[in-house]
Amino acid sequence: MFALFAGYIVPFTLPKWLISLVYLVAAFEVGVAFLPFFACLSTSHRELGGALGLLYTLTWLILAVWKFHCLPICGETLEEVFCFEWLLQWPHLLCLVFLLGRFGFMLVKGVRNRLQKNDQQVEDNNVDETHQYRYVQTLLRRPPERLLEKTWFRRKVYDWDPYFKFPNRMIATAVVSLIGLYGFILGEQVISAVLLKRWHLMLQQFLSNTKGWDYAIKNWHTTAALATLVSVAHVGHVLVCYRKHMKRLWAGEKKFLPETYHVPHSAVSVAAFLKYPGWQIAYTIWGYLIVHMGLYLFGTVFVYVVVFPIETYGFFTWLLDVITFLANFFIVFALLVLQTQLVQVFFLQDKLSPEVKQKPLALNNRKAFHNFNYFFFFYNVILGLGSCIFRLFGSAFVSLLLVSRIHRTIMPKGFELLDQGYRTWIGMIMADHYHCNPVMVCFCHLLLGRTLQREKTINAYSRLNNASERPAEVRVRARWLLSYTLLRNPKLITLRKHRKHKSNNQDQLAVALVMLQTQQRDAQSSDPPLHSLQVLHSH
């Protein structure tokens, strides 16, 4: 995978206009090489899948260990920088060991269930649907009057939800993002360490004082560590936002989405479902690089603006220069605050009542306000020039920090669809919502189960014709359901098939009685008397 990203998988030189097609073929080759793993994991024949997967994984593990053993020991020259490749092999080896244990567990469990004559497939399906059934059950229960107090970790760090299960796709994307981030950071640090060391030796020949270079190296490693922490936190934050967005969609809330995507396009959503894992991994790597460069630039400015002057001239001299330089900014900020305070005191009407927190949005002293507005108009133009520059730098800084957070658009409101990453995220969560909604899944599961049960029985009322029940119990239940249905729908009584010896007067009397009981029930919001059920049974 790392060779595919770096471009070393192509052993010969090709025209530049064929690079995209070559990467497509190379990606297909990588997919074919790893396809047996997924085939063995997803097959319904657990014993066969576990055995073949165990053999295939063991073959890969032997080759990986042999390659790891043959890697050279790192030296000091630039040409030997790739001898650090053994560090890149650790995630590969750990994944193979995990797959080896997984396939071994599948094989042992499959053989045990085969010997015990258990249906493992039905058990697995029930386990997969447990969280969805429990979530639907929580919707049907009355919410507790008093919520349990959460721990500090659940309030500040992460609050887990026992009724939500992340899809395997999201977990795999997060794991591969961390592995790709590890490989990219490792390659960056190895190459930068060798280059910085050689450049440091070159600078020592021309400069006697290399303190600035030492600060640059420390700044590079410090910002790399900070960027790594930010990127890892972003990977976890994506999972948290996925759960939050999915639960909002389950509740029918779509206000956080652009209006265009309230009714998503089917093809676009499915295509986004396909693109998301790869795009999330790429955005994570790009986000680390951009954040690292931004933090390094900020750290360099901090060193030359704060650290060097303090070491050279002293702290108080530096502080006096800073106050002199920032005096104009302080005055501008004070004038901005002054405008707000003057409006609050002189140009707003009094509160309607003492309980109101702020004054109403109604002008007072209109003539004085217009004069105030006229004289500050020209100065506000000058303030607007500086505010525009701050707005530009602020939006650029926030956009660079959020470039890896694909779930949040970096475009302003109204232009969200220009953000391809955000469109991919929306399409993906909408596709998941339409296919994995717990209420819909449970409803379809119950409907399918009842349909299959009805098809297997000869009697049309198979739901009532349970072999484990006695005929009398089935008859009583049928009469109860019939009575309840007719009480809720009195007009259906006239549409029933009547016996020949029953007169029309009895039918009309039964209808009138049921209508009367229904009106009383609606008025009193209570269950109808039992004697009405007896009348319906006799009818």
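Backbone N, Cα and C define each Cβ position, glycine as well.
Annotated transmembrane segment per TrEMBL: 20-41 (among others), in sequence order.
What TrEMBL lists as transmembrane segment is 48-68 (among others). Here the transmembrane segment (48-68) has long-range neighbours at 36-37, 39-42, 86, 89, 92-93, 96-97, 99-100, 102-110, meaning same-chain residues at least 6 beyond its ends whose C-beta is under 8 angstroms from one of its own.
The transmembrane segment annotation in TrEMBL covers 88-108 (among others).
What TrEMBL lists as transmembrane segment is 171-196 (among others).
Summarising the annotation, TrEMBL assigns transmembrane segment to 220-240 (among others).
Taken from TrEMBL, the feature transmembrane segment covers 285-308 (among others).
The transmembrane segment feature in TrEMBL is assigned to 315-338 (among others). If you look at the transmembrane segment (315-338), the same-chain residues 6 or more away from its ends with a CB under 8 A from one of its CBs are 306, 309, 379, 383, 386.
Taken from TrEMBL, the feature transmembrane segment applies to 376-403 (among others).
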Counting only residues 6 or more past its boundaries, what in the same chain has a CB within less than 8 Å of a CB in the transmembrane segment (220-240)? 158, 166, 170, 174, 177-178, 181, 185, 188-189, 192, 196, 280, 284, 287-288, 291-292, 295-296, 299, 401, 404-407
